[in-house]
Structure formats: structure tokens, C-alpha cells
């Protein structure tokens, strides 16, 4: 039974998995012998279109069904590849297998848990059968999309035939980078014995030779994919013996590559130094990559405003009192953050430039306001979305954000719940130690609002000479390509008015 008890939902007539196995498409699994009906194919096409519309900057999605047949003495079988469980996923880590070799599988069973660039999600069994062979073991990191995960067969009697099965590199219907293709082997000399007939979807068999050292010229021969991985991870290929044709370095050879500037032998830490090296999760790598790209490619500028909260706090107290009476104290209390989300959405309706996407060759103004709310989790930052926040009441926003934040910390969010927002709110004021800060824009969005903490301030008063008020500083980060300075100032003026005069949110 799945360990993610999330209610099933229907999208475009298809049943997405409880654990997001299909919601972000590009699934590299094979189809069972049951033929797809015209209606099912149409539904699949509809789902792909819906996902593409929701994630305009994501790579093209596809749901591929490929039947892979037997080779040699192996019976017919299905190859299940690592799927893309989020639009931005490139690599994955197999956290755990929920089934073991020989287990019977029913369509929809939780097959394994995969750590993506966003969260740890479950991958459901694509079809009925028996798990004949697991190719990627638990704990395997940075597995590329399309890499062969496991083998499924229709009959239990066929499981034993795959005991010694190894991945031959044949296509498994995924979308892994096409970089590790070995060159076509030379045509063998004529032989008196006829060669066996080629099998459908069977890759040519290339004898695996012992690693060949590099030539004395110093030139390193490596596949494009291996070079890409080495560059991203700072690995030195000069001392690696390749196992590919002619000594070419493949991605599988990188485990022996030392970091650039490091020696191949393990060195002891200098006496007196005490530290722990923490491996990077896929989520942390993605956060680092995306925020670095955002800060280095988006022309940020910042607008700060101080907002008086006294009237809002009075309205909040009255509304929470009414909610408590009407629901016997069961309703979620409205927080200042809920007012902020609502006011942000309404201000985006007044100033649509702030609710737009930068699409490189054009600007897309979104007609709905989906507010992403930054939530800190043990694994890193994630941004669940309040969809159509401009059209929702404060009580609805309050209950949704509490539920989404809880599931975010438990790692139970599905991709469509945290990808595709149009505006982001990041609130560090609740920690009580932050007066103001600036936040980094989440592309392709144009703005992010940073919320500081509330503090007391003395201001002049005609009656008593001075009075104490409660204020809060907010800073709007804007993309100057889509939001000019004056436009950002107008947005901030509307936002300030909504919070200082909360009744205007009802107009």
C-alpha cells in the first residue's frame, strides 16, 4: 500500500498517482499487451496538452508506450525507465524499492521512491505483471532520465530467466540524453556460420573490453555526456581509463575520476580541523542552480515600503472571532500572511505586469493570479501555490496554506501543487528576528515580495503628542525586463492600500 495517503484526483480523464507518478509526464514506461483504445490515447494527449499549458517553460512532455521484445533466449518483457516526475527533472536518485524481484505487480502499486530536483516522490507500477529484475539499486544517485530501472514480465515463470540480466543499453522509451551511443561496430569479416537474425529494439552487442589508457599525446577521449557530467561536478578526466571503444571515457567511468586539483589518494584532515561534508541532494542542487541563474541573468531591482498594521490587526481579530463562533472553534485562524497573499493577488490584478512571465521572445500576462508561498522544509525551500488567490476568501486561503505547508514539510506535495505560480510571497517576518530583506525572483515570474517582521514605532500624534503603531516592512523584487520602476511603485501602492484599509479588499 502506498505510504502517501493523498486523495486521488482526476485530471483530463486520467487518474494521476497518489505519489505523482504521472502528473509531470515524460514517463518512460512500456505499455502492456492490452491495446490502447482510441479514447485512452485521446485522454493521454489531453493530459500532455494540459501540462504543457500549465508549465510553459518546461521541456516538451510526452507519454511514451513501447513494447520491447525478447532477445536471445529471453522471453518477452517490458523495460521500465526512470520517468521525469517534474518538468525540470534531469537526474533522479532511487531512494527505496517498495517491491522486490519476483513480486506480483498490479497497476497503480507503488514501485519505488525517487528523489527528484523538487522532492521525494513515488513511482507507481505502469502495468500488471511480475517484477523480474531491478537494474538500479537503492541509493543510486544522479540516474539520468530514461535509464533502465527494472524489467517487468507478464508471467511468473519468466522471472527466473532474468536472474543474470544486465542492461544492454537498448532504448527503454525514456528521454535520457542521447550521448552514450557507441559508434557502429565495424562489419565483421565473412564467416561460414550464419549470424542470428536481429531482434526488434535490440541494440547491437558490443564486446566489453578492458579499459584502455589514454594516449601519450595527453588528449582525453570522452563522450559528450561524460564531459558534461565531469564539468558540472568538477571532475578531472585526465587520469580516468575509459571502458568505451578505443578507450573512450563513458559516464559509467566517472566514479574513478578525482575532483580537479585533488590527488587520487585520500588525505587526512589538518590537525585541529573538525567538519562534516554533507552530500548535496537533488533538491539542493536544483535550488543552487536555479537561484544562481536567476540572480545572474535577471536584472533585479528592489522597492521597499513600510506598512501600518493596526487596522488590519483589528479586522483580523474580529474575523477570527466570527469564525470561531460559526464553526465552534474548528476553523483555521486567519493570519497576517493570509491578508498578504490576498492583497498581493488583488494588486496583481490592478497591475498585470507584475503577474507576467518573461518568455525570452515575448512577455506573457497571466489572467489568473496563482500565488506561490515559500515554505521551509528539512529538504529545502519549496513553494506550494494558492491557485486563483484573487478569487478566494481569507478563510479559504488560510485553510489551504496550512494544509499545503503541512504536506510540503512531509514531502507529500504533487508537482502541480508547487510548479506554475505567477507571483511569489516569501515571509521571514514570522521568525521575529528579520526586519526586512530582499528575495530572489523565481523565473519565469517577474516579481517576488519579501515580508519582514512587525515592530512597534512611535509617530507624532496631535492629541497626545505621540502614539505607538505597529508597522511592517516589505520589499518587492522586480524583473526590469517586464516591470519598470514606476510600474513596480504603483503595484506597491495598491498593495499598501489593501493592507492599511482591509475593507477595500471587498470592493
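Positions of Cβ are set from backbone N, Cα and C atoms, glycine also.
Straight from Swiss-Prot, the features:
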DOMAIN    77-153  domain 'Lipoyl-binding'
MOD_RES   118  N6-lipoyllysine
REGION    168-223  region 'Disordered'
DOMAIN    221-258  domain 'Peripheral subunit-binding (PSBD)'
REGION    248-270  region 'Disordered'
ACT_SITE  480  active site
ACT_SITE  484  active site
Margin query: Can you tell me how many other Cβ atoms are located within 10 Å of the Cβ belonging to residue 484 (active site)?
Written below: 13
Next item on the list: For residue 480 (active site), list the number of other Cβ atoms lying within 10 Å of its Cβ atom.
Entry: 14
Item checked: For the domain 'Lipoyl-binding' (77-153), the number of residues DSSP places in helix, strand and coil -> 0 helix, 38 strand, 39 coil
Check: Including all protein chains shown, what's the count of other C-beta atoms within 10 A of the C-beta of residue 118 (N6-lipoyllysine)?
Finding: 26
Next item on the list: Take every residue in the domain 'Lipoyl-binding' (77-153), average their pLDDT values, and give the whole-number result.
Entry: 86
Checklist line | Alpha-carbon spacing, residue 480 (active site) to the residue listed as 'N6-lipoyllysine', which is rounded to whole Å | finding: 28
